[in-house]
Structures are given as C-alpha cells and as structure tokens.
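Listed in Swiss-Prot:
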type     : residues                                               : note
DOMAIN   : 9-198                                                  : domain 'Glutamine amidotransferase type-1'
ACT_SITE : Cys86                                                  : active site, nucleophile
ACT_SITE : His172                                                 : active site
ACT_SITE : Glu174                                                 : active site
DOMAIN   : 199-388                                                : domain 'GMPS ATP-PPase'
BINDING  : Ser226, Gly227, Gly228, Val229, Asp230, Ser231, Ser232 : ATP binding site
Amino acid sequence: MEMAQEQELILVLDFGSQYNQLITRRIREMGVYSELHDHEISVDEIKRMNPKGIILSGGPNSVYEEGSFTIDPEIYNLGIPVLGICYGMQLTTKLLGGKVERANEREYGKAIINAKSDELFFGLPAEQTVWMSHSDKVIEIPDGFEVIADSPSTNYAAIEDKKRRIYGVQFHPEVRHTEYGNDLLRNFVRRVCECTGEWTMENFIDIEVEKIRKRVGDRKVLCAMSGGVDSSVVAVLLHKAIGDQLTCIFVDHGLLRKGEGDMVMEQFGEGFDMNIIRVNAQERFMDKLKGVSDPEQKRKIIGNEFVYVFDDEAAKLTDVDFLAQGTLYTDVIESGTKTAQTIKSHHNVGGLPEDMEFELIEPINTLFKDEVRALGIELGIPEHLVWRQPFPGPGLGIRVLGEITEDKLEIVRESDAILREVVREEGLERDIWQYFTVLPGIQSVGVMGDYRTYDHTVGIRAVTSIDGMTSDFARIDWEVLQKISSRIVNEVDHVNRVVYDITSKPPSTIEWE
C-alpha cells in the first residue's frame with residue numbers, strides 16, 4: 001500500500017496481537033504517521049519506506065513454537081530505533097542471543113514495575129502500573145543490553161541497548177490499563193526516533209489532493225455514494241481534487257432512514273455542487289425482496305441488486321477510468337496481514353462486478369474511522385453529517401425482522417427518526433456509540449384510548465463501545481427512555497409497545513439481523 005504521507009513514519013510490524021491497531025492509533029494521536037505491516041516485510045521494503053522507528057507488536061505465540069512468527073534479524077542492523085512489545089521483546093531477545101523460556105504460569109493483568117529514568121521512561125515516576133499479557137519470560141538478556149525496569153515477577157520488565165537504540169518492554173504500553181503507556185510511546189517516538197509530530201488532516205488533504213491529481217490527470221472518476229460518512233468524505237475529497245471530473249451514483253433502494261435520500265442530494269449535490277446521479281430503485285428492490293424473510297437471503301438480494309443497478313447506470317457513462325471506494329485502513333489491515341483473524345462479514349454493500357474495467361482509487365484507505373470523521377470536518381462537511389450514526393449497507397432491510405413491507409419500513413423509519421431526535425435534544429449523541437430502532441415482528445395486545453389494539457412492538461438498541469468489536473447497552477436515563485417510548489407509541493401508527501435491548505456484545509451482535 002502506498003504511504004499516505006511522504007514524511008515521518010513509524011512502522012509497526014504485526015505478530016497477531018489483539019492490540020496491534022491500537023499501537024498504530026496511539027502513534028497517530030501524537031501527530032506522527034504510522035502504518036501496520038506484516039512481520040514478513042523485507043529489509044529492502046523497510047529501506048524503501050525509510051521509517052524513523054520500528055515497533056514490534058505483541059502476539060499470542062511462543063517464540064519457541066514451531067512456525068512462530070519472526071523477522072529478518074538484519075532489521076536490527078539498519079540503524080533504525082526498534083521497540084519490541086511483549087512478544088516483540090521476547091523475539092528481540094531470542095534473535096540477538098538472549099534466552100527466553102516458558103513461564104510457570106501466564107502473567108495476565110495489572111502489575112507494578114520499577115523503572116529507571118532513561119530515554120523510554122524519561123520524566124515518568126519510577127513506580128507505575130502496567131498491563132501484562134504473556135506466557136513466556138526472558139531469563140537472560142543479549143550482550144549490550146541492560147535492564148531499565150523490573151517487577152516482582154520478572155527481572156526484565158524493560159530492557160535497552162542504548163548504543164543501537166533497541167528497546168523491549170514486557171508489558172503493553174498501548175492499552176489504557178498501562179498508567180503511563182502513552183508517555184512511554186511518546187518518549188520512543190519523540191525522544192528516541194526524533195519525530196516532530198506534524199502529521200495532521202490538513203496536510204493529509206494537501207498531499208492526497210496532489211496524489212489524486214497526479215494519478216487521475218484529465219481522466220474521469222466514478223464514485224458509488226451511499227450517503228454514509230466514508231463514501232461522502234471520499235466524494236468531497238475527490239471533488240476538491242478534480243472537480244467536474246467526478247461523477248457520483250447514489251442508489252436509493254428505498255431502505256434509507258427518514259429524509260436521507262433528499263439530504264444526500266441537498267447537502268452534497270447542491271451544497272458542494274457535485275455531479276450526483278440519483279437512481280430511484282425502490283420498486284426494483286421491493287419486488288426482489290417480496291416474500292423473503294431469511295436475513296442472509298435479504299442481505300444477498302440487496303447486495304446483488306445494488307451491484308446490478310450500479311452496473312446499469314455506470315454503463316450509461318462514457319470515458320470513465322477510475323472507480324472510487326471508501327475503503328478504510330481497518331479493511332486493509334484485516335485483509336492484508338497473515339496474522340489477521342477472520343471475523344463476521346461487514347454489512348457494507350460491496351462486490352462490484354469484476355468485469356468492470358476501472359482502476360480502483362481508495363483515497364482514505366490509510367485512515368481509521370475517527371480520522372475519516374476528522375478529515376470530513378476539515379473538508380467542510382457539516383458536523384451533524386460527519387457524526388451521523390453508522391448505517392449498514394442493507395439499510396432498514398435488516399432492521400425489519402422477517403419479510404419487508406412498505407408499512408413495516410415506515411414504522412422503523414418514523415420510530416428511528418424520533419429516537420435520533422430525542423438523543424440529539426438530550427445531548428447524548430457523543431455518549432452513545434450507536435442507537436437505532438428495530439421491528440422484531442412481534443405483535444401484542446394494548447389499549448389506546450377506549451379501544452383494544454393488537455399492534456407492533458418497536459425495539460430500541462443503544463450501545464456504548466470503542467470500536468464495535470465489543471459493546472454494552474447504554475445506560476440511558478429512564479426519563480429519556482420514557483420520553484422516547486411515549487413519542488413512538490403516540491406518533492407512529494400501529495405501534496403499542498416499546499422495549500429496550502439490554503444485551504451486551506457478546507453474546508448478541510449490535511444489529512439484530
């Protein structure tokens with residue numbers, strides 16, 4: 001992958017740690033660009049990238065297991081500072097002539113270390129709390145190394161070879177549980193690697209615009225726009241770079257939130273003066289979904305039909321050379337390293353036809369989600385759009401459980417609009433990671449006025465999370481929930497009951513289908 005910035009880089013090598021993305025994010029938060037790459041990267045490739053420093057991540061393996069992950073030892077002779085974290089420290093010890101052995105028992109959780117005031121621990125207290133997670137332990141350090149931190153359970157909590165600027169820590173500085181973890185990483189990045197920290201969204205835009213113009217020239221780009229944050233930011237960035245050479249296709253499948261289709265056209269078509277083709281394909285999608293209740297089948301139909309509609313519209317355009325996509329850095333990481341774990345497939349509609357003769361352009365594929373939001377703000381996209389709720393590709397199609405009908409879509413659309421309005425009024429938008437309503441397909445007896453009803457139940461799902469991999473239900477104030485419930489049953493036809501989902505992930509997922 002081409003580096004997003006022709007400037008300071010901290011290279012993180014992946015050994016399978018669940019925290020490897022966190023390392024990259026922590027470095028970027030310091031204003032220094034960082035990328036995560038497979039541990040099998042060659043020395044020549046590292047030389048080409050010219051990083052200011054290299055971090056070796058942790059990992060679940062033992063350095064003595066058959067087939068355990070390793071690196072080319074020549075990396076230590078490049079004159080580039082190296083920091084090994086947990087497995088990275090054990091591997092460094094082994095490759096440079098020290099000794100590592102299996103510990104009697106796995107050390108997992110908080111521990112107290114005593115550190116010396118050297119480059120890594122500069123300005124930090126001697127005694128500090130760290131997060132350990134390892135089953136191997138260093139029993140002898142290589143020649144040229146000295147101990148710079150110990151703990152009650154290990155003499156080698158941190159080590160250094162100051163002359164070669166090679167460091168190792170047996171704990172995880174990237175996690176919040178490590179008291180001064182960010183400070184330690186900052187010391188490595190700023191003091192040891194001598195990075196200045198000038199990576200910002202503003203200079204990212206300047207460099208990316210220049211790259212896009214250089215690559216595209218006078219040719220044309222096509223962008224599939226969903227109205228979501230990622231595709232919107234991609235479209236605005238491309239428009240800033242190449243103007244009228246960009247055409248966006250917005251497929252309105254009728255499964256959008258209330259007013260969303262019109263909002264896309266107003267905010268981006270008119271507000272940014274972009275060329276957007278809106279395809280009203282509601283009837284086409286509903287015909288295909290008629291009688292279908294299985295969630296996987298619904299996803300497949302919606303995804304395939306999106307491709308067919310997009311393909312039909314793209315075929316009407318001439319002289320288009322590039323197809324733009326809102327691929328994020330997390331997608332690149334998950335598909336690009338040998339240590340990546342297979343996870344549940346994303347809801348986002350993908351799989352555009354392989355026979356489309358376009359070059360792919362992915363201008364935000366080096367950014368995490370929060371960085372994409374920051375980029376959107378820097379590009380002038382209104383804050384309320386940048387911070388909109390995540391929305392799955394199949395849209396409301398997976399928030400209506402069972403068969404989809406226009407009446408059911410209307411219930412979800414209206415109830416969801418009420419939920420979002422109340423959350424906004426109460427100032428909870430940034431406190432709740434994701435929130436929406438679902439129609440679970442349950443009808444129950446109720447009383448409205450003097451009449452008996454037998455109507456639908458609406459479920460409210462609201463969760464707190466950091467990255468969506470795990471989540472807990474949001475502790476919304478009861479009075480706020482009561483306000484939401486009262487408005488839904490009074491303002492949305494055919495609803496007489498509202499329930500609140502108090503399940504965490506795992507065991508449940510955030511979406512119901």
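Every residue gets a Cβ built from N, Cα and C, even glycine.
On a predicted model such as this, the values are computed, not experimentally measured, just so you know.
Shown on the structure are the features that Swiss-Prot records.
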residue: Cys86; record: active site, nucleophile; DSSP (3 states): coil
residue: His172; record: active site; DSSP (3 states): coil
residue: Ser226; record: ATP binding site; DSSP (3 states): coil
residue: Ser231; record: ATP binding site; DSSP (3 states): helix
For the binding-site residues Gly227, Gly228, which one has its C-beta crowded by the most other C-beta atoms within 10 angstroms?
Gly227
Compute the C-alpha separation of Ser226 (ATP binding site) from His172 (active site), stating it in Å without decimals.
38
Taking the center of the Cβ atoms of Ser226, Gly227, Gly228, Val229, Asp230, Ser231, Ser232 at the recorded ATP site, which other residues in this chain have a Cβ no more than 8 Å from that point?
Met225, Val233, Val234, Gly326
At 10 angstroms around each C-beta, which of the recorded positions Glu174, Asp230 has the fewest other C-beta atoms nearby?
Asp230
Looking at the recorded positions listed here (Cys86, Gly227, Gly228, Val229, Asp230), whose Cα lies nearest to that of Glu174 (active site)?
Cys86
Give me the Cα-Cα distance between Asp230 (ATP binding site) and His172 (active site), rounded to a whole Å.
31
Find, for the listed recorded positions Cys86, Val229, the residue with the lowest Cβ contact count at a 10 Å cut-off, counting only other Cβ atoms.
Val229
Which residues does Ser232 (ATP binding site) neighbour through Cβ under 8 Å, counting only same-chain ones at least six apart?
Met225, Val264, Phe268, Gly376, Ile381, Leu385
Tell me, which binding-site residues from Gly227, Gly228, Val229, Ser231 are within 10 Å of Cys86 (active site, nucleophile) if we use the C-alpha atoms?
none
Rounded inter-Cα distance in Å - Gly228 (ATP binding site), His172 (active site):
34
Close in space, distant in sequence - Ser231 (ATP binding site), Cβ under 8 Å, 6 or more apart:
Cys223, Ala224, Met225, Gln325, Gly326
